[in-house]
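Undergrad: Pasting a structure below so you can have a look.
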């Protein structure tokens, strides 16, 4: 079992398999050239697999595959299948923009993926183009429908931005509710790569908009997890991830392995342990030592409200968001 200095059990690891992405979203990397990562030096997935086997043996119960856009990484199906074969009890989930999901959904399901989280920030093609700099809505919606067809579980993630998509909160909720998919609204998380371009809505503002149409009956906050779950009068549940309004540091159970081999104990924490050499060499003892050291290094709280260091300079697409 992995336990940090504040007696939190760490049983969830987010793994970025690439920094590359075919979107340039306003809230992530809006000004990064599309060919910026063409020379990215990727960690071999078989080596990453060995690191994750160690993490599983030490008590990790959930692995999320992220990026960048993870569906751009070649050999992903096989990687997931090997992870699933190693321990079928571990939940394997993936976050994606959905652009390539239609052609990959069945392969991901067959490989053993438990669930896919799809970013859906608008149901209007022109807005998706404005937000992501990609004419992508048709592909993303088709990917969602194909996932439902093949039986792959889904959640939707929406970053709510003032004057951009905040007038679609109810429409997006209806879209998700009609398909029995949970949607999670996310407060915009500032980073130096998108800080000045976007203003987000806070949790209360999102709830006020939903309450204009629906009666919200109650809220529950899972012991572990980043989202609060709200229940409507008709029984439908949606989530809000509100790190600004109410951080979840006290119950945080996760660390991150970035695509460059750094183990990051917190998304909003600059210090990371470089495990690249150990992973490349498949040095089991060193990988285990560095994993445990990263758990010890995990801070009690993020630095969100620290005026001297609250906005991270490490982009989220490096650490997997």
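Cβ coordinates come from backbone N, Cα and C, glycine included.
The domain 'Radical SAM core' annotation in Swiss-Prot covers 5-233. If you look up Swiss-Prot, you'll see 14, 64, 95, 155, 254, 255, 256 marked as GTP binding site, on the strength of sequence analysis. As annotated by Swiss-Prot, [4Fe-4S] cluster 1 binding site applies to 21, 25, 28, with the evidence given as sequence analysis. Annotation comment: Swiss-Prot describes 27, 68, 119, 189 as S-adenosyl-L-methionine binding site, evidence class sequence analysis. Per Swiss-Prot, [4Fe-4S] cluster 2 binding site is recorded for 249, 252, 266, and the stated evidence type is sequence analysis.
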Undergrad: Tell me which of the binding-site residues 64, 95, 256 ends up closest to residue 21 ([4Fe-4S] cluster 1 binding site) in space, Cα to Cα.
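TA: Of all the candidates listed, 95 is nearest in space.
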Undergrad: For a quick check of packing: other C-beta atoms within 10 Å of the C-beta of residue 189 (S-adenosyl-L-methionine binding site), how many?
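TA: Looking across every protein chain shown, the total is 22.
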Undergrad: What are the non-local neighbours of residue 266 ([4Fe-4S] cluster 2 binding site), defined as same-chain residues 6+ apart in sequence with CB under 8 A from its CB?
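TA: Looking at Cβ-Cβ distances below 8 Å from residue 266 ([4Fe-4S] cluster 2 binding site), excluding near sequence neighbours, one finds 252, 298, 299, 302.
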Undergrad: Express the distance between the Cα positions of residue 255 (GTP binding site) and residue 249 ([4Fe-4S] cluster 2 binding site) as a whole number of Å.
TA: 12
Undergrad: Measure from the Cβ of residue 64 (GTP binding site) and count the other Cβ atoms within 10 Å, all protein chains considered.
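TA: There are 22 such Cβ atoms around residue 64 (GTP binding site).
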Undergrad: Measure the Cβ-based neighbour count of residue 255 (GTP binding site), defined as the other Cβ atoms within 10 Å of its Cβ.
TA: 26
Undergrad: By the count of other Cβ atoms within 10 Å, pick out the sparsest of the binding-site residues 28, 249, 252.
TA: 249
Undergrad: If I take the alpha carbons of residue 14 (GTP binding site) and residue 249 ([4Fe-4S] cluster 2 binding site), what is the distance between them in whole Å?
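TA: The separation of the Cα atoms works out to 16 Å.
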Undergrad: Taking only the binding-site residues 25, 27, 68, 189, which one has a CA atom nearest to the CA atom of residue 95 (GTP binding site)?
TA: 68
Undergrad: Rank the binding-site residues 14, 256 by the number of other Cβ atoms within 10 Å of each Cβ and report the first-ranked residue.
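TA: Neighbour-count leader: 256.
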